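Listed in Swiss-Prot:
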| type | residues | note |
| --- | --- | --- |
| BINDING | C89, C94, C100, S335 | [4Fe-4S] cluster 1 binding site |
| DOMAIN | 105-324 | domain 'Radical SAM core' |
| BINDING | C120, C124, C127 | [4Fe-4S] cluster 2 binding site |
Amino acid sequence: MISFTTRISRVTFSSKRVALPDGPSLHDFIETGNSNDAVEKYGIQMKLEANAKRLRLPPWLKRSIPSVDNTNFTHLKKQVKKLKLATVCEEARCPNIEECWSGSNNVPSTATIMLMGDTCTRGCKFCSVKTSLKPPPLNPEEPINTAKAIADWGINYVVLTSVDRDDIEDGGASHIAATVKHLKQECPNILVECLVPDFRGSLSSVETIASSGLDVYAHNMETVRRLTPWVRDPRATYDQSLKVLEYAKKFRADIVTKTSLMLGLGETDEEVLTTLHDLRKIGVDALTFGQYMQPTKRHLLVKEWITPEKFEEWREVGDXLGFLYTASGPLVRSSYKAGEYFLGKVVKNRKQGVQEN
């Protein structure tokens, strides 16, 4: 295990440096400044200074507008609208929407379906999804309609996510579980990842999801402990998120657990490392890092642009700590398709191992 000690605000390591495979030592990584090097290399300001309104977008985050001529993208967008399905790709203004919906190199298109409507009962300060204390009631036909729609798309891995529904007794866990069950009936071989809320810490709701037949249980930590009250809704706590991830693994040992962290909100390297250790202690398998990007002027400002080089270093740290899979990059999101094929192999291998035993 890679260890570190705290001395006020400085990060120091023991004389025994732990080297990452084929890369710099963890000490070198921490000591290397992300901002100073990047300012010189890219010629832009990397950290938000006092009284500054916002940071200019760095070159590696500039993406093209989805092309209306892209057949797959246009077809999927029309289907989603016709079936009145909500996707986190659209609601959260994901920068990867064209890549995931279009498909490439014989890779099927991927969409992350957002269940239980497009209105959340929580108001996290980084998220652009609509909020309300009393969202519209659930559509009882949504589970079967969603399953049929996904079956028609012909994909082999799907991510189901949802808004928070604190207005419902079980937080909507039974609704999500019903969707998974219908999906497995329509497509027995499809792999299902559920990116779910914390259900206010309800372990019975966690059990409902974990026993639904899903393959990957995902719940996002979003940020480090210190920033959680500032970044997330007050009802979402750091320890509560750890609790649901830990219980999902205890309830179903074969399940793949997954979480995601946004960088650029003002966290320190030491705080990120502490979070990674917390996640490994409870057996989380997969991890993604992505750059926080302010969706509108009403949301939190970006405090720092993290360079692609720094994201690559975090990937190496994640791998060295023992995560089965670490996806790390400025535009990586928790449901980004890049890791789905790897996770699919992990799920299949675990299922095969369970059957053999």
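Every residue gets a Cβ built from N, Cα and C, even glycine.
Restricting the average to the domain 'Radical SAM core' (105-324) gives a pLDDT of 92. Classification of C120 ([4Fe-4S] cluster 2 binding site) by DSSP places it within a strand. What surrounds the [4Fe-4S] cluster 2 site, by Cβ distance within 8 Å of the Cβ centroid and not counting C120, C124, C127, is the set R122, G123, F126, S128, V129, T131, V163, D164, D233 from the same chain.
DSSP classifies C127 ([4Fe-4S] cluster 2 binding site) as coil under the three-state reduction. C120 ([4Fe-4S] cluster 2 binding site) is surrounded by 23 other CB atoms, counting those within 10 A of its CB over all protein chains shown. Between the binding-site residues C124, C127, C127 has the most other Cβ atoms inside 10 Å of its own Cβ, all protein chains included.
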